[in-house]
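A.B. asks: Grabbed the feature section from TrEMBL, which reads as follows:
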DOMAIN    20-120  domain 'Serine hydroxymethyltransferase-like'
DOMAIN    153-426  domain 'Serine hydroxymethyltransferase-like'
BINDING   Leu161, Gly165, His166, Leu167  (6S)-5,6,7,8-tetrahydrofolate binding site
SITE      His272  site 'Plays an important role in substrate specificity'
MOD_RES   Lys273  N6-(pyridoxal phosphate)lysine
Amino acid sequence: MSRNAESTAFRSALEVVRGVEPRVADAIAAELADQRESLKLIASENYASPATLLAMGNWFSDKYAEGTVGRRFYAGCQNVDTVEALAAEHARELFGASHAYVQPHSGIDANLVAFWAILADRVESPALRKAQARQVNDLTEADWFALRRELGNQRMLGMSLDAGGHLTHGFRPNISGKMFDQRSYGTDPATGLIDYDRVAEAAREFKPLILVAGYSAYPRKVNFRIMREIADSVGATFMVDMAHFAGLVAGKVFTGDFDPVPHAHIVTTTTHKSLRGPRGGMVLCGPELADQVDRGCPMVLGGPLPHVMAAKAVALAEARRPDFADYAQRIVDNAQALADGLLRRGATLVTGGTDNHLVLIDVSGYGLTGRQAEQALLDSGIVTNRNSVPQDPNGAWYTSGIRIGTPALTTRGLGAAEMDATAELIHTVLSQTTPGTGPDGAPSKAKYVLDPAVAESVGKQAADLLTPFPLYPSVDLG
Ligand code: DSN
């Protein structure tokens, strides 16, 4: 693709938008400028390709397409069928799955689709069978009561939020923690690693309907073969949420016991993190659950977003190219270089390192809360997010951790040398920041003190680090 074509496409699009609401065009251009200038270390973000971005801005956005390919509730879905079928085909081929459902709008939506598919498949409910046979009008009040009783309060065992699990894996403030009678497994306090014997023990005691694996802040691989054995030993359905590491599975960095697809009954993911596609979700499963999964809309989803499914098809086609495997390996190499650089400078890392795309710094070692550290880094041009660490004394709002990830910077082309330089910048900021006090002089978990000259100097060094690696070099907005 020529540099001119991409520049022309984005310039023209902005010109058209500017003709209606110039402030929106300005905000879009400003977003590109901001992303170009910041050292983006948010582990769940990336930079989608121009082709993926452009596939989202078109007439598919205007189309309703409830239902599935070839079986829609609206007329005129032939072109939506084409892109949805292509996205699903690419997903099946890429991940070696027998079925792919590409309609979920986000990872949370994908998880809800999976939960309901499992409930519908596993829970013996005559009322539900009636509803599934499309006899909803025949359901009596007693049927509805039975349906709620039979489907409600089923058991889910997932990784706890402070050990690195996701809030949709049974965290109380999320619907998953309310829909399910929920219990969590954590990590070994000494090592920070999943203790599979403890998971097995929890599963034996709790007998969950669903065992969930997957994480958003656990810096290690998970052995999905062992997790499946645990699920089988108690008759649970094994679900893996691979949202964070889907790119590492796609790029064959995680294989064998560490590839969830051959081991799980059902796998969910987002498409925009390490997979580097548009914002969205996806479900992979075998034939047993396919029918229920395909009922995701209207069971829990609003109308599918055909423009996003088109972009998913483009991004998944990109992920099937040989260079994606190289990209995926570089993500992990970079995370390890970043971890090594931080460790050498005295930082404390949860689990002592990483074997995936993310690193979790326990910033209590610097005498800071996660919130103080996050803001001090942001002042210095380094974009991260605060995150709980296991048994976090500061809770989920202030936290004691900073989560950093390498998918985005790896897309820009930064490598091991730049990761070491990044570690130096992070260490400089964190070691020179001190906790502040509130208006009454009492210690504050949010306030901090960082010499503006340090922030400015680090910001300048961060910008210099990025200069040889321009973001979207093919896009010149003029
Ligand atoms: N918000 C995502 C993350 O940052 O990990 C997960 O949903």
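Here, residue 1 is simply the first one shown, and the rest follow in order.
Quick reminder: no glycine exception, Cβ is built from N, Cα and C everywhere.
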A.B. asks: Beyond the listed site residues Leu161, Gly165, His166, Leu167, identify every same-chain residue whose Cβ lies within 8 Å of the center of their Cβ atoms for the (6S)-5,6,7,8-tetrahydrofolate site.
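C.D. replies: Near the (6S)-5,6,7,8-tetrahydrofolate site, the remaining chain residues are Gly158, Met159, Ser160, Gly164, Thr168, His169, Gly170, Phe171, Asn174, Tyr215, Ser216.
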A.B. asks: Through the lens of DSSP with three states only, how would you label Leu167 ((6S)-5,6,7,8-tetrahydrofolate binding site)?
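C.D. replies: In the DSSP reduction, Leu167 ((6S)-5,6,7,8-tetrahydrofolate binding site) maps to helix.
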A.B. asks: For the binding-site residues listed here (Leu161, Leu167), which one has the lowest count of neighbouring CB atoms within 10 Å of its own CB?
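C.D. replies: Among the binding-site residues Leu161, Leu167, the lowest count of other Cβ atoms within 10 Å belongs to Leu167.
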A.B. asks: Just the number: how many Å between the Cα atoms of Leu167 ((6S)-5,6,7,8-tetrahydrofolate binding site) and His272 (site 'Plays an important role in substrate specificity')?
C.D. replies: 18
A.B. asks: Hey, of Leu161, Gly165, His166, which of those binding-site residues are within 10 Å of the residue listed as 'N6-(pyridoxal phosphate)lysine', Cα to Cα?
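C.D. replies: Within 10 Å of the residue listed as 'N6-(pyridoxal phosphate)lysine': none of them.
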A.B. asks: Can you break down the domain 'Serine hydroxymethyltransferase-like' (20-120) into helix, strand and coil residue counts using DSSP?
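C.D. replies: Breakdown, helix to coil: 58 helix, 9 strand, 34 coil.
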A.B. asks: Three states by DSSP: which one describes Leu161 ((6S)-5,6,7,8-tetrahydrofolate binding site)?
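C.D. replies: Leu161 ((6S)-5,6,7,8-tetrahydrofolate binding site) sits in a helix per DSSP.
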A.B. asks: Rounded to the nearest angstrom, how far is the Cα of His272 (site 'Plays an important role in substrate specificity') from the Cα of His166 ((6S)-5,6,7,8-tetrahydrofolate binding site)?
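C.D. replies: It is 16 Å, counting Cα to Cα.
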A.B. asks: Three-state secondary structure of Lys273 (N6-(pyridoxal phosphate)lysine) from DSSP?
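C.D. replies: Coil, per DSSP.
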A.B. asks: Taking the Cα atoms as reference points, how far is His272 (site 'Plays an important role in substrate specificity') from Gly165 ((6S)-5,6,7,8-tetrahydrofolate binding site) in Å?
C.D. replies: 18
